[in-house]
Amino acid sequence: MLLKSSSLKLAGLLAAIILMLLLMCASVIFGYTDTNLQMAIDAFTNNNGSNEHIIIQMVRLPRALIASVVGASLAIAGVLMQTLTKNPLASPGILGINAGAGFAVVVAITLFSIDSTQGFNALAFLGAAVAAISVYVIGSVGHGGLTPMKLTLAGAAMAAMFSSFTQGLLVLNDALLDQVLFWLAGSVSGRKLETLVSVLPYIGVGWLGSLMISGKMNILAMGEDVAKGLGLNTGFIKIAIGVLVILLAGGSVAVAGPIGFVGIVVPHITRSIVGIDHRWVIPMAGVLGAILLLAADIAARYLLMPSEVPVGVMTAIIGTPFFIFIARKGFNAR
Amino acid sequence: MTISIETKELSISYGETLIIKELDLKIPKGEITVFIGANGCGKSTLLRSIARLLKPKSGSVLLDGKAISKLSTKEIAKKMAILPQSPTAPEGLTVLQLVKQGRYPHQTWLRQWSEEDEKKVNDALKATRLEDLKDRPVDSLSGGQRQRAWIAMTLAQDTEIILLDEPTTYLDMTHQIEILDLLFELNEQKKRTVVMVLHDLNLACRYAHNIVAIKNQNVCAQGKPEHVINCSLVKNVFDMDCEVTMDPLFGTPLCIPYGKGRCILDKAAAVNG
């Protein structure tokens, strides 16, 4: 399935973009309320205030956009983390970043009763940053410096800690449980477009920055010593990657809650299609991440109709077997 | 003698342990210099420090008279290439992709890939005889081919100085000679300064113009192998009794260790000590 030449890769990327756009349309049209393409077009050009038009404009469209943006961001964050840590199992979820951001948001709701979008965002980013830095520091102490194994253990420990804290807070505040639980499972529905708009600048910087450093990531992937020898400022590039991951993962969690598995599954699929050059992997992972989350979200509407499964549960259903497959393939394969 | 690399009162430590202490070393331009010494004497550490992979505790490394701590890492990469010990390429990286990375220090935001880059990459593939293997993934190659691919990357970097940390480790004898011949040719034909760590003393004597023996956190001898290598130096550096004779093919020093073994000469008792 590996596309070898640049023109094939470009064709692949364009095909993926078209598929993404089709799925965005599907996400607007399909669901519990029966609608069709003509209604969707009317909703934007000739809105008559009908139930269907309101649902399309206020519910379905934000949902499609959020699924695309969050899917793309988590997938790119996964690529960045896997290269940074040289660990094929790394992702914002596994390394505790989602859990950290999730905990911060739950603290914001339960302890400080914050419900402004800005406050929500700031805390999600703060939580992501605290988790990322703690995992990095804990993974670096001791003999041998930062190894993939230590980093993964530190991430698993931090993720477990933040999840326990989150659960503890919810037990103490069971009135808020319902409000927070759906968010915690990871969902792209029931969010307002404003939430997305408010984090879009950060996520946009995350996307652009990732594309800009993609060439340097190819050098970093050759190993620390070789990269330094080739004149790459590895200290700077690692910090840049860390900041980009925090922007992308923190922004995603603020909008959609902690959605797992997109960040780990998509980078592997992407590399099997376009190879290992990050100048292709990053844009392709973004588009494929959007596709995966859009598809998972559409499927989540039909799985237990009329009620909906949180999309985070859908990605877990897809992602868990894949995770086991990667783990079995060998930790040392890379 | 023109100086290529110089260290001034260089001290290097690993955590609390001092590895190299106040070392003043001059490495001549256009020659092959080989660091020798017992395991753990700090020869690799010294090479890594010269290559700026390791920050020294104190003192400085000068490249063409300028302190490397004052130069940008990309500037250094245009003058000096380093091949670390047993590097690993990302899974699926092809030989051509690997060699192309060697052009990284010569690229900028504005100038991404030029004809000169293309030419240097082709030259490097040719010099290492990897043209036919250039589309193969590095991880599918044999040990010797893989090492040649990495050397091709450092050649594409087109630097005057090439540092190599144990480039022949894990290779069989044929491939050890192949790699060292390649580096020797590079030095002969292109006047590159080659600095490397080698474990095999006899190969070091054969290929090096300049031997640097390291012991007790400092250099204990430096010079042409035929002037430097003798039984007392080997005893001092490696703590090993040996006989030093002349290589029958090259005339360079040949070190034959004493010890146990299956001696079929009459003087068996003498050899076994």
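Cβ coordinates come from backbone N, Cα and C, glycine included.
Note: TrEMBL annotation is automatic and uncurated.
Positions annotated as transmembrane segment by TrEMBL: A:12-32 (among others).
Long-range contacts of the transmembrane segment (A:64-84) within the same chain: residues 20, 24, 27-28, 90-92, 95, 97, 188, 191, 193, 195-196, 200, 203, 206-207, 210, 217, 220-221, 238, 241-242, 244-245, 248-249, 251-252, 255-256, 259, 262-264, 266-267, 270, 278, 281-282, 285-294, 296-297, 311, each at least 6 residues beyond the stretch ends and with a Cβ under 8 Å from a Cβ of the stretch. Feature annotation from TrEMBL assigns transmembrane segment to A:64-84 (among others).
Under the heading transmembrane segment, TrEMBL lists A:90-112 (among others). Proximity of distant same-chain residues to the transmembrane segment (A:90-112), defined by a Cβ-Cβ separation under 8 Å and at least 6 residues beyond the stretch ends, is recorded for 74, 77-78, 81-82, 84, 119-120, 123-132, 134-135, 148, 151-152, 154-163, 165-166, 169-170, 172-173, 176, 179-180, 183-184, 245-246, 248-250, 252-254, 257-264, 267.
The feature transmembrane segment is assigned by TrEMBL to A:119-139 (among others). Listed as Cβ neighbours of the transmembrane segment (A:119-139) (distance under 8 Å, sequence separation of 6 or more from its ends, same chain) are residues 92, 95-105, 107-108, 112, 146-147, 150-151, 153-155, 157-158, 162, 195, 198-199, 202, 242, 245-247, 249-251, 253-254.
Taken from TrEMBL, the feature transmembrane segment applies to A:151-172 (among others).
Look at TrEMBL and you will find A:193-215 (among others) tagged as transmembrane segment.
Annotated transmembrane segment per TrEMBL: A:235-268 (among others), in sequence order.
Marked as transmembrane segment by TrEMBL: A:280-303 (among others). Same-chain residues lying 6+ beyond the ends of the transmembrane segment (A:280-303) with a Cβ under 8 Å from its Cβ atoms: 9, 12-13, 16-17, 19-20, 23-24, 26-27, 30-32, 63-64, 67-76, 78-79, 188-189, 207, 210-211, 214, 217, 259, 262, 265-267, 269-271, 273-274, 309-311, 313-315, 318.
For A:309-327 (among others), the entry in TrEMBL reads transmembrane segment.
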### Query
Most CB pairs under 8 Å with the transmembrane segment (A:309-327): which of A:12-32, A:151-172, A:193-215, A:235-268?
A:235-268
### Task
May I ask you to check whether the transmembrane segment (A:193-215) and the transmembrane segment (A:235-268) make contact, with contact taken as at least three Cβ pairs under 8 Å and only pairs 6 or more apart in sequence counted?
yes
#### Entry: Sequence-remote partners of the transmembrane segment (A:235-268) [C-beta within less than 8 Å, at least six residues beyond its ends]
66-67, 69-71, 73-84, 88-94, 97-99, 101-102, 105, 120-121, 124-129, 132-133, 136, 182-188, 191, 195-196, 199-200, 202-203, 205-207, 209-210, 213, 216-217, 220, 281, 285, 288-289, 292-293, 310-312, 315-316, 318-320, 322-323, 326
